[in-house]
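Record features, source Swiss-Prot:
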type	residues	note
TOPO_DOM	1-16	topological domain 'Cytoplasmic'
LIPID	Cys13	S-palmitoyl cysteine
TRANSMEM	17-37	transmembrane segment
TOPO_DOM	38-478	topological domain 'Extracellular'
CARBOHYD	Asn73	N-linked glycosylation site
DISULFID	Cys84-Cys108	disulfide bond
ACT_SITE	Glu174	active site, proton acceptor
CARBOHYD	Asn227	N-linked glycosylation site
DISULFID	Cys255-Cys301	disulfide bond
DISULFID	Cys282-Cys325	disulfide bond
CARBOHYD	Asn292	N-linked glycosylation site
CARBOHYD	Asn334	N-linked glycosylation site
DISULFID	Cys338-Cys343	disulfide bond
CARBOHYD	Asn371	N-linked glycosylation site
DISULFID	Cys390-Cys413	disulfide bond
CARBOHYD	Asn457	N-linked glycosylation site
TRANSMEM	479-499	transmembrane segment
TOPO_DOM	500-510	topological domain 'Cytoplasmic'
Amino acid sequence: MEDTKESNVKTFCSKNILAILGFSSIIAVIALLAVGLTQNKALPENVKYGIVLDAGSSHTSLYIYKWPAEKENDTGVVHQVEECRVKGPGISKFVQKVNEIGIYLTDCMERAREVIPRSQHQETPVYLGATAGMRLLRMESEELADRVLDVVERSLSNYPFDFQGARIITGQEEGAYGWITINYLLGKFSQKTRWFSIVPYETNNQETFGALDLGGASTQVTFVPQNQTIESPDNALQFRLYGKDYNVYTHSFLCYGKDQALWQKLAKDIQVASNEILRDPCFHPGYKKVVNVSDLYKTPCTKRFEMTLPFQQFEIQGIGNYQQCHQSILELFNTSYCPYSQCAFNGIFLPPLQGDFGAFSAFYFVMKFLNLTSEKVSQEKVTEMMKKFCAQPWEEIKTSYAGVKEKYLSEYCFSGTYILSLLLQGYHFTADSWEHIHFIGKIQGSDAGWTLGYMLNLTNMIPAEQPLSTPLSHSTYVFLMVLFSLVLFTVAIIGLLIFHKPSYFWKDMV
């Protein structure tokens with residue numbers, strides 16, 4: 001009788017527990033399969049594109065950017081897929097031939113059509129930002145500047161993209177967007193967290209790089225000063241990016257891009273020339289070039305040196321002397337007046353330099369040509385190499401660099417000397433802080449410059465607050481799924497083992 005009772009209890013318990021375990025196991029298996037299939041289902045590529053045209057003083061470049069749509073608020077996900085340099089000068093040179101602007105832009109806009117899938121054309125934003133060349137034109141005539149921009153807008157509106165307008169950006173904007181670009185690409189705005197720690201850590205002790213930009217008509221310096229009040233409100237910008245506040249110093253020196261600085265130097269030096277011959281230390285020995293006086297005074301940058309000369313043309317004759325060239329350039333910087341605790345030049349406030357700087361655009365292109373972009377090259381070594389380069393005869397230079405256009409080749413002595421003068425005497429870098437200047441062309445395949453920062457700002461892809469993210473990474477998620485599956489499997493095994501316990505186990509339950 002007792003054996004029968006024990007058998008009935010065992011049978012009853014076995015059936016019920018097995019039913020529960022079996023049902024739970026089936027549900028768990030179905031759930032795991034469903035999650036696994038859903039998680040690993042191949043998804044179509046969901047990307048977005050953006051186009052920015054950099055209408056500079058000497059030329060226009062078109063940049064195409066691409067990013068995954070679902071990650072557009074993450075740091076560093078936007079990358080450059082194409083750069084197209086428009087053939088010809090900057091748009092400010094089309095004042096007297098605005099009807100040619102459409103043809104001027106055609107090749108690069110057609111290239112954009114080819115690169116971006118047709119299905120994406122209508123939702124791809126196009127922005128054109130004009131910089132110092134157009135700022136100078138607007139100083140001469142706002143009407144002429146508006147006419148050029150109107151024709152540019154009409155031309156770009158004819159393409160199947162989402163044209164967002166053309167405008168002249170301020171020097172302050174140009175500096176700020178360049179700063180945003182290099183720090184975005186370097187990942188300086190992101191903050192990583194260790195899996196086993198609730199304390200965040202930075203990839204680098206210095207949170208941001210400073211930005212040094214040199215164009216044809218202006219130069220910008222932008223950085224976050226450490227423990228220093230920005231004494232001039234016009235040079236102060238506040239950003240809140242990814243949940244962190246940045247107090248940024250920026251200034252754009254109009255007329256101090258390398259091309260306009262050369263025009264300034266020539267206009268200054270010709271004032272003291274005894275005749276129509278200008279012996280110039282910033283050009284190689286043996287170099288000669290005739291310059292029209294009318295061309296010299298075309299730009300607003302030379303107005304302060306304008307005077308009536310007894311000749312219509314003058315000839316530059318190079319003598320190739322770095323030290324004399326350097327001294328001539330320094331005369332462009334007024335350091336006698338400073339209404340603040342310290343200044344760069346021309347009475348412009350400049351806080352103490354802090355940390356690393358990325359130097360791009362013409363800073364990079366000139367130094368790369370001179371083979372001086374290596375971080376191991378000291379400032380003293382750069383100066384010595386510039387002395388030797390400038391002293392080389394023009395005929396020898398032409399032979400050594402036969403593939404370079406003479407217009408550009410002839411100006412590298414001046415440009416290299418100007419960069420040294422600007423960085424050392426203009427911005428007050430020293431031999432020690434020179435080592436913190438990084439001459440940058442591209443970062444992870446994207447050009448260093450203001451265009452990416454401009455697009456990121458206008459498309460609101462840099463949020464003020466850190467975007468929300470899933471609490472677990474994909475690998476952690478998979479690990480936990482496997483772990484819980486093993487736990488479920490172990491419980492099932494234990495349950496089965498229970499039913500194989502000796503008979504006295506079941507007696508105790510009765």
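Note: Cβ is positioned from N, Cα and C throughout, glycine not excepted.
The structure displayed is predicted, hence computed values, not measured ones.
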Mean per-residue pLDDT computed across the topological domain 'Cytoplasmic' (500-510):
54
Based on Cα coordinates, which of the following disulfide-bonded residues are within 10 Å of Cys390 (disulfide bond): Cys84, Cys255, Cys282, Cys301, Cys338, Cys343?
Cys282
DSSP state at Cys84 (disulfide bond), helix/strand/coil:
strand
Cα distance (Å, whole number) from Cys413 (disulfide bond) to Asn371 (N-linked glycosylation site):
13
Among Cys84, Cys108, Asn334, Cys413, which are recorded as recorded positions, the nearest neighbour of Cys343 (disulfide bond) by Cα:
Asn334
Cβ-Cβ under 8 Å from Asn292 (N-linked glycosylation site), same chain, 6 or more residues apart: which ones?
Gln312, Gln313
Within a 10 Å radius of its Cβ, which of these glycosylation sites (Asn227, Asn334, Asn371, Asn457) has the fewest neighbouring Cβ atoms?
Asn227
Using DSSP reduced to three states, classify Asn334 (N-linked glycosylation site) as helix, strand or coil.
coil
Integer Cα-Cα distance in angstrom, Cys255 (disulfide bond) to Asn334 (N-linked glycosylation site):
14
Once the DSSP letters are reduced so that anything not helix or strand counts as coil, what is Asn292 (N-linked glycosylation site)?
strand
Looking at the recorded positions listed here (Cys108, Glu174, Asn227), whose Cα lies nearest to that of Cys301 (disulfide bond)?
Glu174
Greatest C-beta neighbour count within 10 angstroms, which of the disulfide-bonded residues Cys255, Cys343:
Cys255
Secondary structure at Cys343 (disulfide bond), reduced by DSSP to three states:
strand
Cα-nearest neighbour of Cys338 (disulfide bond) within the listed recorded positions, Glu174, Asn227, Cys282, Cys413:
Asn227
Cys413 (disulfide bond) has how many other Cβ neighbours within 10 Å of its own Cβ?
28
Of all the recorded positions given, namely Cys84, Glu174, Cys282, Cys325, Asn334, which is spatially nearest to Cys413 (disulfide bond) at the Cα level?
Cys282
